[in-house]
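**Q** Straight from TrEMBL, here's the annotation block:
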- 37-286: domain 'G-protein coupled receptors family 1 profile' (DOMAIN)
- 20-46: transmembrane segment (TRANSMEM)
- 98-116: transmembrane segment (TRANSMEM)
- 137-160: transmembrane segment (TRANSMEM)
- 193-222: transmembrane segment (TRANSMEM)
- 234-256: transmembrane segment (TRANSMEM)
- 268-288: transmembrane segment (TRANSMEM)
Amino acid sequence: NVTAVLEFKLLGFSSNPYCQILLFMVVMVIYILTILENTIIILVVTLEPKLHSPMFRYLQDLSFLEFCYTTTIVPKMLFNLLAKKKSISFSGCMAQLYYFLSLGATECYLLAVMAYDRFLAVCQPLQYSVAMTDEPYICLAMGSWVTGVFTGFLPCLMISRLHFCSYNLTDHYFCDMSPLLKLSCSDTTVTEAVIFALSLLVLSSCFLLTLVSYLLIILTILKMSSASGKRVTFSTCSSHLMVVTIYCGTMTFIYVRPTYNLSSDLNKAVAVLYTMITPLLNPVIYSLRNRAFQKALEKT
């Protein structure tokens, strides 16, 4: 009774055509704003020599990552909202899953590296220019990308080797791990255990490193004599920590679970936070609120 599944049908959010048109418009606006924000950041950092420091180059890397991460999911989602046949091929589904997992893991690593960079800049300002030169920046940035590429490989390989029966209706708006595991007619115990362990390792280590970095930054801020300096630095760090908490928290809620019996509607609602809302907020909070970047933007 096992047949080769050539495509998956994506249910998305609603079958009501009016709701689908409304969703298309909302998602399209979010996608355009996300692409526009990240493109502006990439161009301004490239064109302005004063921003050629590790801090802004990390922001440039994050913008390029968000550009790729969002484009992995949203264009296909927009197409399916208007298409009569809402489907994705098996190979296309596995490719989307791999890029989503790899880029998502890379973002976790990069956010942790950026928190460490801010820790050095705030807590050890005299040593920052020596500790964070071009060579450490390249090593940390490339390390984030390379580790992310390998992180997404194992879960995608294990899911692609599962057997899928003739039923191929996926209650999601993109190819995610939990709906695919539900569809499989194979024993997914080992696959779920590996995904759980890997997700726990990646998300907990990145979040703890980020949290410790910002806690040390906050302790340093409290020792500052300038009230305005305290306010500005604390506002910036709290915003960064809020975004990281939303991103890592929602992904932990979805993936760091011993089983994947989460409600499909809740799964999709939470997934919107880390696939669309966080990529929209990251450029604003990390770059567009930065005074040095604002001056460079005006100049450019």
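Note: Cβ is positioned from N, Cα and C throughout, glycine not excepted.
Values in this document were obtained by computation on a predicted structure and should not be read as measured data.
So where do these features actually land, and what's packed around them?
**A** Sequence-distant neighbours of the transmembrane segment (98-116) (same chain, 6+ residues past either end, Cβ-Cβ under 8 Å): 58-59, 61-62, 65-66, 68-69, 72-73, 140-141, 143-145, 147-149, 151-153, 155-156, 174-177, 202-203, 205-207, 209-210, 213-214, 240, 244, 247-248, 251, 274-275, 286.
Within the chain carrying the transmembrane segment (137-160), a Cβ under 8 angstroms from the stretch's Cβ atoms is held by residues 54, 57-58, 61, 94, 97-110, 113, 116-117, 177, 180-181, 184, 190-191, 194-195, 198, 202, all 6 or more beyond its ends.
With a cut-off of 8 Å between Cβ atoms, the residues of this chain six or more beyond the transmembrane segment (193-222) that come close are 105, 108-109, 111-112, 115-116, 118-119, 122-123, 151, 154-155, 158, 177, 229-230, 233-234, 237, 240-241, 244-245, 248, 251-252, 255-258.
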**Q** Let me know the model's mean pLDDT on the domain 'G-protein coupled receptors family 1 profile' (37-286).
**A** 85
